[in-house]
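Q: What Swiss-Prot lists as ATP binding site is GLY614, PRO615, ASN616, MET617, GLY618, GLY619, LYS620, SER621.
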Amino acid sequence: MINTETFDTHTPMMQQYLRLKAQHPDILLFYRMGDFYELFYDDAKKAAKLLDISLTKRGQSAGNPIPMAGVPHHAVENYLAKLVQLGESVAICEQIGDPATSKGPVERKVVRIVTPGTVTDEALLQERQDNLLAAIWHDNQGFGYATLDVTSGRFQISEMIELETIAAELQRSRPVELLYPESFEHMALIENFHGLRRRPLWEFELDTAKQQLNLQFGTRDLVGFGVDKATLALRAAGCLLQYVKDTQRTALPHIRGITMERQQDTVIMDAATRRNLELTQNLSGSTDNTLASVLDLCVTPMGSRMLKRWLHAPVRDRQILENRQQAIATLQEIGLELQPFLLQIGDLERVLARLALRSARPRDLARMRHAFQQLPDIHQVMDSSDSPYIKQLQKNIGRFDELQELLEKAIVETPPVLIRDGGVIAPGYNSELDEWRTLADGASNYLEQLEIREREKLGLDTLKVGFNGVHGYYIQVSRGQSHLVPIHYVRRQTLKNAERYIIPELKEYEDKVLTSKGKSLAIEKALYEELFDLLLPHLAELQTSAEALAELDVLANLAERAETLNYICPTLSDKPGIQITGGRHPVVEQVLREPFISNPLSLSSQRRLLIITGPNMGGKSTYMRQAALITLLAYIGSFVPAEKAVIGPVDRIFTRVGASDDLASGRSTFMVEMTETANILHNATEQSLVLMDEIGRGTSTYDGLSLAWACAENLANRIKAMTLFATHYFELTTLPEKLEGVVNIHLDAVEHGDTIAFMHSVQEGAASKSYGLAVASLAGVPREVIKRARQKLKELESLSNHATASHVDTPQLALLTEETSPAVEALENLNPDSLTPRQALEWIYRLKDMV
């Protein structure tokens, strides 16, 4: 913390720094000094650690050196990118005054604030991932949640009651920056997120939020958006919008509306399901061998981002799904023609966001122009389709011939990175600019003529005319001939072997050229800003076009994937159940070297719960996951890896597949397993698809079997959910005899001596035996251990069979029975009523010895 008592002891420049820093106490301040951005005090220490840069010292504060660190201005974007990825925010303070005319420190001002959730610069963004800013609110009515993608203007809200539901939503949206009220009671829910920002309660005030939102959208109320009753979510949305306005410090015309996400509109998946199905991230945290890695060959970044949104929010609206199916079928014929043109569109969505924020760079406008140039070819290909949905997309894409012509006239073919570099506006666009440029560009001819004239007039063969950034134009003569220069040559600089002079004629020309360069750059900047004014009135149509182009890219990509990977169009049915013929796992079939064995799946009202048995490594988990992934693909409108698929109504997908210790939360494997199981039993419905893999294996045999049995009963009898229930408890294979709608299936395998061949083929009925020893042998367990295990297995099986035979009528299922103790046998044969007190005492000692 900076001591205000010592403020007057600082230099004027440091006083200026301290005033600016006081306005931004919680974030890093990049303070421009010449060619560097400097940081001081705790900011310097933090930046030195995070960026691995040198920590130095400058001046003194209360007798102690001031810590300082700095980064060069030309490389600032790289350092900002690193800080943003670490969840840090940075205030950028620039010199806005002229050092030449400033009395005291040059005037400085914070011109932008870079935060993880509000960045729009392409160098700071992951191009194929959404960059979401979020806000969360909680009170006794539930949770309100709002997300905004500043790079597209997509603004969404939702409301939830249960903690599990908001946890799943946070997992799905994965915001890079999260705003929460200072009174928030569920910190455990959000503590693992980067970019947490604690905000005062008044920023979540409901009336202020409504006022802010109406002001942003130019509306009197929020009824038209269907969000006026969502008071919890509106509190979060109001805080979020205010935060963006504070950081961007400019209008936000690309944020034109807000939508309410309702749970009944999508197939709900909790955090565990998203993780287990490896949609966009595998269990190791990378993107390899995920569903997205197989499906996403989109040619535009905005298409790739849209596809990932679809995967994480499958829709239940039949009309939307059938529109997509119809479009994919059409694009199988014309999609390959479209993709080369779509490839040239680039990331139009994010270019438009930068245009809206008036931060678009010259190359952004060139990219926009290039995108417009592709539209006639895209329309020509789409004209050949008679699909109503393709026609609707074509209408939304539109044409921007006038804007294309404007940018072709205004911007050079290959513009520089920044407008301050000049040379952005094309020749012929503005006559005044052309005149000033001609004056500046004519300098080289004039200087050549002056050099020839002066050299001949004075007879000095070493004379030459030049320019440098410090001293401007000069006439240079060697030291040996310097005594021959005329009196009107005024010395400007002395070098080791030469003298440099200025003459009135050259000075006059210098003033004119420098004026012309400054003037032409000023005109260019004004014309560039004017281009924004000409483009921004079309922002709404441009955003609609970008969204339609992104969707066209997704659909063309899914058409190519369907054609290449042999996917078929699933039938969406109102009848409960899932019927799949020749189903395949979309990811596993791509990474396997040998052919993938396809399998059927049949779930219906009469066949609700499948008990799946078979060897470890036999393919149970793959089979279960493939059922969920095929269902999910059908609910994003995609074709699916199968010979035939009929998919009935599905409201949720649950998975209880595999588990590991959650050490961070202090939960064991079994606790994780039971928490996920409890979530399923509380929230699954008759229309849910439930995958349960090896329930109860994390505890003792009796406990585990009892829990697995009770869970299966509950799912089959009470919930009646469509369930795939894999188990190693063979006792559960008797359930079909006791419960309606329960069926046994198994994954086949064939044993050859000590080896095993997995057939990966699903068959009706229970597995005939376990293959644990064969799998152990395959894993390399020593031969003598396998041999001993085989002997022990025979002993245990004979004991188990004997116990089963002698207790045929007992309801308890036979497990691995232990040999009866001699003490137990003695007690069974003992008649306590015939014993004297002394004999009873002797028997106690005798039984103790037996034990």
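Here the Cβ of each residue, glycine as well, is placed from N, Cα and C on the backbone.
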Q: In the same chain, which residues outside the set GLY614, PRO615, ASN616, MET617, GLY618, GLY619, LYS620, SER621 have their CB within 8 A of the centroid of the CB atoms that define the ATP site?
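A: Close Cβ neighbours, site residues excluded: LEU747, ALA749, PHE758.
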Q: Can you tell me how many other Cβ atoms are located within 10 Å of the Cβ belonging to ASN616 (ATP binding site)?
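A: Counting Cβ neighbours of ASN616 (ATP binding site) within 10 Å gives 20.
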Q: Please work out the number of neighbouring Cβ atoms within 10 Å of the Cβ of PRO615 (ATP binding site), leaving out its own Cβ.
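A: Neighbour count, Cβ to Cβ under the 10 Å cut-off: 24.
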Q: With every protein chain in view, what's the tally of Cβ atoms within 10 Å of the Cβ of GLY619 (ATP binding site), excluding that atom itself?
A: 24
Q: Per residue, counting other C-beta atoms within 10 angstroms of the C-beta, which of the binding-site residues GLY614, GLY618 reaches the highest number?
A: GLY614
Q: Using a 10 Å radius around its CB, how many other CB atoms surround MET617 (ATP binding site)?
A: 18
Q: Starting from the Cβ of LYS620 (ATP binding site), draw a 10 Å sphere and report how many other Cβ atoms land inside it.
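A: 25, counting other Cβ atoms within 10 Å of LYS620 (ATP binding site).
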